[in-house]
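Okay, so here's the structure we're looking at.
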Amino acid sequence: MTENAEQQSTWRTKFKALGPGILMASAAVGGSHIVSSTQAGAIYGWQLALIIILINIFKYPFFRFGSQYTMENNKSLIEGYAEKGKGWLAIFFILNVFSAIVNTAGVGILCAAILYNVFPNGLGMSISQLTTIIVVIIWAMLLIGGYRFLDSLAKWVMTALTVATVLAVVIALFKHREYAPNFEAPTPWRMAALPFIVSLMGWMPCPIEISAINSMWSVEKRKTVNMSEDDAVFDFNIGYIGTAILALIFCALGALIQFGSGEEVQGASAAYIAQFVNMYAKVLGQWSRFLITLIAFLCIFGTVITVIDGYSRANNESLRLLLGKKESSQKALYIWMTVTAAVGLVIVYLFAGNVATMLRFAMIASFITTPFFGYLNYSLVNNKEHQIKPWLKVLSIIGLIYLFGFALFFIVAWLTGNI
């Protein structure tokens with residue numbers, strides 16, 4: 001245990017420690033909440049609420065271990081992977097490069113879909129072209145450091161979106177609902193719905209490799225703030241549990257407003273964004289359309305920033321450790337940001353015109369890699385040098401069985417042509 005970890009934890013130190021967990025939460029809202037959670041409610045009502053609860057519970061220990069490992073060793077998870085063996089780090093690096101590119105494309109194209117919905121005919125541009133403009137702007141901001149202001153703004157924007165969503169759900173709870181004539185609720189408990197369920201879990205509450213990025217943020221936080229392990233866990237719990245609750249609130253938004261209305265739920269495209277904004281307008285009033293659109297855009301814009309910056313830093317650090325270098329230059333980080341943005345845009349154009357497929361692919365790919373990242377994090381804190389609480393150990397084992405089992409089930413179903 002480090003010296004900082006032994007310091008007494010008070011409410012004052014807990015609130016001073018807030019930061020990495022909130023950043024993690026801000027990275028979660030985009031595709032996971034605005035798209036998957038809301039669509040889960042809009043298509044299936046409350047039927048998938050249990051899946052949302054379970055996946056958040058089963059992923060919890062593996063995200064938490066990132067904060068725990070950092071506090072006990074003053075090292076990031078990535079440094080832990082390197083000490084475990086370069087083979088482990090190499091696997092993480094390969095999977096993380098893949099995730100960086102796919103996730104950049106996924107959230108970038110969703111951000112562009114919002115702009116496409118706002119302006120008539122998308123200003124005469126395709127969603128792919130709008131995505132290019134957005135990603136290039138963010139890339140330039142990251143290179144000049146201007147992202148820091150927008151990153152701070154994103155936290156306030158996420159708060160505004162949360163307040164608006166909670167308000168819309170509360171109002172919807174007390175409004176009389178009318179279902180479409182002869183409406184029959186579809187069931188998610190069939191093979192055809194499996195890809196949707198897996199994609200829902202993939203980014204719920206966010207891609208699990210964010211745990212490694214979050215540990216890097218925690219290392220940086222400790223350079224400026226003295227905090228105990230209790231402080232770090234408090235920060236993590238605020239971000240993680242808050243994000244999990246928010247996922248259920250977005251599910252409620254879809255279940256209470258669009259489910260059973262007879263309106264077909266669109267894919268993750270400009271048409272879906274119009275539906276998403278319309279949910280708020282139905283209960284808050286037409287005046288809220290522009291405000292909600294602006295808030296949603298800025299929120300996902302902030303997510304794109306976090307994804308490009310965070311993944312680039314993680315990949316840069318991984319390569320440094322693989323090559324055995326003592327430190328990495330800022331130039332190397334800029335190169336990673338450039339490569340991540342550029343290759344992400346290539347993926348966008350490969351999926352041009354099919355935003356829903358792009359996002360679904362990104363989310364499913366994230367879920368399939370989740371068991372590996374989860375086991376890796378668990379192995380770092382479950383050894384002679386580290387001890388984890390019994391309830392966390394039990395939850396970890398159950399979580400790994402669930403994650404490996406579901407991933408294997410999906411892969412077999414896909415290979416055998418059952419989905």
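Here the Cβ of each residue, glycine as well, is placed from N, Cα and C on the backbone.
The shown structure was predicted, so the numbers you read here are calculated from the model rather than taken from an experiment.
Per TrEMBL, the feature transmembrane segment maps to 17-36 (among others).
The annotation transmembrane segment is assigned in TrEMBL to 42-66 (among others).
The feature transmembrane segment is assigned by TrEMBL to 87-116 (among others).
Residues 104-105, 108-109, 111-113, 115-116, 150, 269-270, 301, 304-305, 308-309, 312, 334, 337-338, 341, 344-345, 348-349, 352-353, 355 of the same chain sit 6 or more residues outside the transmembrane segment (122-144) yet have a Cβ under 8 Å from a Cβ within it. The transmembrane segment annotation in TrEMBL covers 122-144 (among others).
Sequence-distant contacts of the transmembrane segment (156-174) (same chain, at least 6 residues past either end, Cβ-Cβ under 8 Å): 25-26, 29, 246, 249-250, 252-253, 256-257, 279-280, 283-284, 288, 291-292, 295-296, 298-299, 302. The transmembrane segment annotation in TrEMBL covers 156-174 (among others).
Within the chain, the transmembrane segment (194-217) has long-range Cβ neighbours (under 8 A, six or more residues past its boundaries) at 19-21, 23-25, 27-28, 31-33, 36-37, 39-40, 43, 48, 51-52, 55-56, 59, 62-63, 65-67, 69-70, 76-78, 81, 92, 95-96, 99, 103, 188, 236, 240, 243-244, 247, 310-311, 313-314, 317, 359-360, 362-370, 373-374, 377, 406, 410, 413, 419. Positions annotated as transmembrane segment by TrEMBL: 194-217 (among others).
The transmembrane segment annotation in TrEMBL covers 238-259 (among others).
Per TrEMBL, the feature transmembrane segment maps to 290-311 (among others).
Feature annotation from TrEMBL assigns transmembrane segment to 332-352 (among others).
The transmembrane segment annotation in TrEMBL covers 358-378 (among others).
According to TrEMBL, the feature transmembrane segment maps to 390-415 (among others).
Taking pairs at least six residues apart, the transmembrane segment (358-378) and the transmembrane segment (238-259) share fewer than three Cβ pairs below 8 Å and do not count as touching. It is 238-259 that, among the stretches 87-116, 238-259, 332-352, 390-415, forms the most Cβ pairs under 8 Å with the transmembrane segment (42-66).
Sequence-distant contacts of the transmembrane segment (390-415) (same chain, at least 6 residues past either end, Cβ-Cβ under 8 Å): 54, 57-62, 64, 191, 194-195, 198, 201, 364, 367-368, 370-371, 374-375, 378, 382.
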